[in-house]
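Input: a single structure, listed below in structure tokens.
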Ligand code: FAD
């Protein structure tokens, strides 16, 4: 119920405008975002690298409405790739196709993302294409398959699968048939019952089933969850199957379950932290509240603490 409320609020344009332009809103966003500028994300990546985590940096934003905005977003990612390379950071980038103009001009979006993957290839880096709501699922996967088939791109671009989607298993099989790297998550949007599991138990069971397939696949995948029970089950599974920690990585969001992040690193598991930054933080922030409404209370308390 509260999840649906927060997801509904994440799409409210007036609230978004108000929140993103107010000082108080920006203060709230710092709970889940590294800051507003490239340098803030780079500083966060440095700290996380020093802690033993690798990083994926997301320039916050989605659903741009014109080509100039899409080009601007792509430019920022090029700058980011240069910064990461210059500082020798263990960090790649994550992006959303609607931030690169998918709704405005799919051909432009294809060119912009393909150029980013070319850039990543040159500096031996990697581009993750985030997964958005279900109107974009097929388009996004088609995009990733196409990008992956461009000579030289293989291993430098990857997809995201959401375990709440009923189609997830078939999509995983297709991606694995081309050895495309996958980030597995549960899914952050509100989807109808005909295409997505609604019960947490079903989403979790599908997650574990798919994660085991990925861990055993011989391709390097990202297991993105903060669910301690699932993480424990997968650690046991990897040990029982003699799969080394270096065969895959766990992934978590910046600012979420920091203690668990540190514990995984201490135990020798690979951990990548997803670090969002930028001025367009509102929809991302509201989806984080939807995942754990108690966060709203926590943030409210901290806002008024001296
Ligand atoms: P849940 O069952 O939601 O939570 C398990 C436990 O984790 C909770 O009990 C709580 O202790 C903790 N927890 C979870 N979320 C929070 C939070 N926000 N704050 C505090 N504690 C929390 N979704 C997409 O749809 N597309 C993507 O491309 C995408 N990329 C992602 C990348 C990464 C690296 C991660 C970690 C998540 C990504 N997500 C993405 C979000 C994901 O789909 C889930 O919405 C989110 O991770 C919460 O699910 P969970 O697996 O942690 O399990």
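Using the three backbone atoms N, Cα and C, a Cβ is placed for every residue, glycine included.
Predicted automatically and left uncurated, TrEMBL annotations should be read as such.
Residue 287 (substrate binding site): 18 other CB atoms within 10 A of its CB, across all protein chains. Annotation comment: TrEMBL describes 96, 287, 288 as substrate binding site.
All protein chains included, residue 188 (FAD binding site) registers 20 other Cβ atoms within 10 Å of its own Cβ. The FAD binding site annotation in TrEMBL covers 131, 162, 186, 187, 188, 200, 225, 226.
The domain 'Proline dehydrogenase' annotation in TrEMBL covers 43-299.
Among the binding-site residues listed (96, 187, 188, 226, 287), 187, 188, 226 have a CB atom closer than 6 Å to some atom of ligand 1, in sequence order.
With every protein chain in view, the residue among the binding-site residues 96, 200, 226 whose Cβ has the most Cβ partners within 10 Å turns out to be 96. Within the model, the domain 'Proline dehydrogenase' (43-299) carries an average pLDDT of 95. If you measure from the Cα atom of residue 186 (FAD binding site) to that of residue 287 (substrate binding site), you get 13 Å.
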